[in-house]
Amino acid sequence: MEMKAVCVLKGQGPVEGTIHFVQKGSGPVVVSGTITGLTEGEHGFHVHQFEDXTQGCTSAGPHFNPLSKKHGGPKDQERHVGDLGNVTAGKDGVAIVSIEDSLIALSGDYSIIGRTMVVHEKRDDLGKGDNEESTQTGNAGSRLACGVIGIAQ
C-alpha cells in the first residue's frame, strides 16, 4: 500500500516551500519538493518532534529522536530519526529536494505524520563538529521555515 504526506513550509521571512513524502509498504520514504527564498548553499533539513507552532518554528522542539541517539547524517548509524541532512540552494535561492530515507516512516513507531519539518539557516555539520551543539543540532542555526507533515491523498 502506498502512503502519501505533504508539508507546506512557511516562516517569518521569504523562505517557503512544499515537500511531498511517499512510502510504498515498508519501503523507504521518498522526499521531494522545492524550497524558495534561501541563501545560496546548504541548509539543515530535519523532522522535529512536535506539531506545536504556537511560537513559530521554535516550539517544534528538538529533532525527532525516538531512539535517543546523537545527531548525525542521514547515512550514519548514529543519528536522530529526523536527521535528513542538508538541502542545497542555488544562486537563485531555490533548493530542489530529492531524498530517499529508510529510517523515517509514514506509519508505525517512526512515523513523521503530525511532526514538523524544518529548514535551517546554516549547513548541518552532520554531528561531525567539535562541540556539544554538533551532537544535538549539527550547528544548523536558526529555523527559517517550518510546517506540519500531514497525510495526503
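Just so you know, glycine gets a Cβ as well, placed from its N, Cα and C.
Feature list (source: Swiss-Prot):
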type	residues	note
MOD_RES	LYS4	N6-succinyllysine
LIPID	CYS7	S-palmitoyl cysteine
MOD_RES	LYS10	N6-succinyllysine
BINDING	HIS46, HIS48, HIS63, HIS120	Cu cation binding site
DISULFID	CYS57-CYS146	disulfide bond
BINDING	HIS63, HIS71, HIS80, ASP83	Zn(2+) binding site
MOD_RES	LYS91	N6-succinyllysine
MOD_RES	SER98	phosphoserine
MOD_RES	SER102	phosphoserine
MOD_RES	SER107	phosphoserine
MOD_RES	LYS122	N6-acetyllysine
MOD_RES	LYS122	N6-succinyllysine
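Structure coloured by features recorded in Swiss-Prot.
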residue	record	CB count, 10 Å
CYS57	disulfide bond	22
HIS63	Cu cation binding site	24
HIS80	Zn(2+) binding site	27
ASP83	Zn(2+) binding site	30
LYS91	N6-succinyllysine	8
SER98	phosphoserine	10
SER102	phosphoserine	12
SER107	phosphoserine	13
LYS122	N6-acetyllysine	18
CYS146	disulfide bond	24
Cα separation, HIS120 (Cu cation binding site) to CYS146 (disulfide bond) (Å, whole number): 9
Euclidean distance between Cα atoms of CYS57 (disulfide bond) and SER102 (phosphoserine), Å: 25
Distance [Cα-Cα, Å, rounded] between HIS63 (Cu cation binding site) and ASP83 (Zn(2+) binding site): 7
Cα distance (Å, whole number) from HIS80 (Zn(2+) binding site) to the residue listed as 'N6-acetyllysine': 18
Cβ neighbour count (within 10 Å, all chains shown) around HIS120 (Cu cation binding site): 24
Cα-nearest neighbour of LYS10 (N6-succinyllysine) within the listed binding-site residues, HIS71, HIS80, ASP83, HIS120: HIS120
Of LYS10, HIS46, HIS48, HIS71 (the recorded positions), the residue whose Cβ has the fewest other Cβ atoms within 10 Å: LYS10
Cα proximity to HIS80 (Zn(2+) binding site), best match among recorded positions CYS7, HIS46, LYS91, HIS120: HIS46
SER107 (phosphoserine) and LYS4 (N6-succinyllysine), Cα-Cα, nearest whole angstrom: 10
Which recorded positions sit within 10 Å of HIS46 (Cu cation binding site) - Cα, from ASP83, LYS91, SER98: ASP83
Subset of recorded positions (HIS48, HIS71, SER98) lying within 10 A of CYS7 (S-palmitoyl cysteine), CA to CA, in sequence order: none
